[in-house]
């Protein structure tokens, strides 16, 4: 009898184990490493929306009028149609959706701005014939009047599970005539696009609303039940589902509940105004049913604006969200509007008190899909059940994705960032494909451009074996022919502990040359190559990494002739120096092949110390160290979201700014204040937000870097030295560092572009703080930023400093507070077991002589 129970117990254990494995990611959040971002295609020209087909093909549109199709078999995209569109400002080919019965009728819907016609935007249905857009098949379903120039077109199209089509429309109103508060200028004779009451809060106008219609086979549409205004209601449009929108740029519909979600791009006001109303907010909204969502009378959680008399420049009354009334003479609809609905999520430029997790800076909120686990029953890459019923939202400016959770009633319950360590470049659209993986369309860095970092990507999930991580390194990346390179796969790893296999393709031409982990290869011909490392795990999953190799031009070598210690400043108030530069192709300073004026030598004093230099390591685009730090700060501060070095985007390029101010002696002060305060009008009407949260010292260095990009800028004379001479050490106290920097950009060779190299001599005060150490073991550091102390917490603990020159150093004085502990303090070279150069006994405070200072001197 006992034997009969054994297989039953084993079976129960097996079933229990299987159940646990399948439910692992139901309540437990999966690690980010279980998601892989797969590149499908890149370098698109202003991509706007996508539709993923069940065979993996992807239809997508580009704003200038192209309709394209990505073919997964080839990895390429082909043009399948082109519409002639008006593509200035925010117009163009804006919206795309496939018909719910697409696989039988081949219908797609496009929202676009027709070229050379009256000022309208148009919703049309087209048929794909043999994967080509049949222009003759166009059926115009809706035409929306639109003021061409500025602003807010909307244009997102989605279907719900019942076959209803949703179309988002912006308020068609400029924000620049109302100080970036609510645009309600009712004065006679003013342009029509200064009053959003004619659109967003006008029940008889389709703009500033999200429409819901049911397309019919003949290309007409009917009105579904439950829209905001029943058919036949006087002075209303029955197509309106929600109104009171400013710019609902991306929308989605929950496939089960039918709830509508959208991101609302908000106004740019930086601060609350007593006479106008609240500062600007972006919103993520939820509509469980039809409603009025407030614009231009309310924003966020129904923060009210004031009715403002533009003629008298007076604030008259504050709007009431429970009883909004549109008394504008430009209103053609009903006056008494439904009560205003609050936003679900709202956040300003500054850090949000209500939703601090979304960060600060530029903003452009968008709504993505709601995920349901059971809609993808036969997929191995679908998202786990942890994300079941969660909404994916994203911000085009801040480059983040969050998931939003709801309670049983469908109300907001919380949000958390999705894949926070992964880079996204202006996500523009996203949807779950038929395999349950997330497809993301990324617009790329610059506005109105074909960006190298734009593309379509797929986020895949792995509940079991994960792809390995590939890391490719090289001891040298630039050199002359023949060029010997030692490659390394250090850092490559597998999250599941699998043994890895390596394949190296040194030319990037698809041919594997080495299977060693760390091979050596000699390039015999000049050129620019992408060395490719492929890493494969035990189950055959692969990841790749590339490294750029340039052969044909040897980088210049720069050095300083210098007497004395190369780490610290003391003694004489000035130092003599001489710069040496040698280049294999150009010659040297000594033989006249390189002229002194071609070498940039600068002296900078930085109060901030080493952190700024280390944060700029690896950048070689600028000659001066201070400009290098300024360049790094512009990246960290998010300035590249609106400006490029060479390319204009939302704002002008850095070089355009530098050229405009190159002879202005007060340029630095002017631009520093402009960055702090924000503003518009100098380069057009787009607003640059305030950056008052940045430290002014940082902004000064950012501005200096930008001004340095003009070859004739006055900034180039700042801190400039000759190739030999003396410099004074007269700016320091007990902190800060002097940086003597020499740089040279060679002439290029063998068709290879010029190479810039810098060399630095860094002098610091001889008082070295323990908290500035480069590496630690067995220590604790106070969280208080003002505290510069290190506590040793265990035996044989240590701290270490890199690149310290001890020449001419006669002794080391250590300041120690041993409290009641005793022991020995040692100083060694190179590593904790290196050459011992000093040792001192630590005497506890209990045994220490009265009034002693806890200092010990190492000979």
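Every residue gets a Cβ built from N, Cα and C, even glycine.
Keep in mind that TrEMBL annotations are predicted by a computer and have not been checked by a curator.
Summarising the annotation, TrEMBL assigns heme c binding site to 639, 643, 688. Listed in sequence order, the residues of the same chain lying 6 or more apart from residue 639 (heme c binding site) and placing their CB within less than 8 Å of its CB are 702.
Beyond the ends of the compositional bias 'Basic and acidic residues' (184-195), by six or more residues, the same chain brings 147, 149-151, 172-174, 177-178, 296, 305, 307-308, 310-311, 328-330 to within a C-beta distance below 8 angstroms of the stretch. TrEMBL lists 184-195 with the feature compositional bias 'Basic and acidic residues'.
Annotation source TrEMBL lists domain 'PKD' at 468-551. DSSP places the residues of the domain 'PKD' (468-551) in helix, strand and coil in these numbers: 0 helix, 42 strand, 42 coil.
Residues or ranges marked as domain 'Cytochrome c' in TrEMBL: 625-710.
In the region 'Disordered' (177-203), the DSSP tally of helix, strand and coil residues is 6 helix, 2 strand, 19 coil. Marked as region 'Disordered' by TrEMBL: 177-203.
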Cβ neighbours of residue 643 (heme c binding site) where a neighbour is any other Cβ within 10 Å: 22
Mean of pLDDT values spanning the domain 'Cytochrome c' (625-710): 73
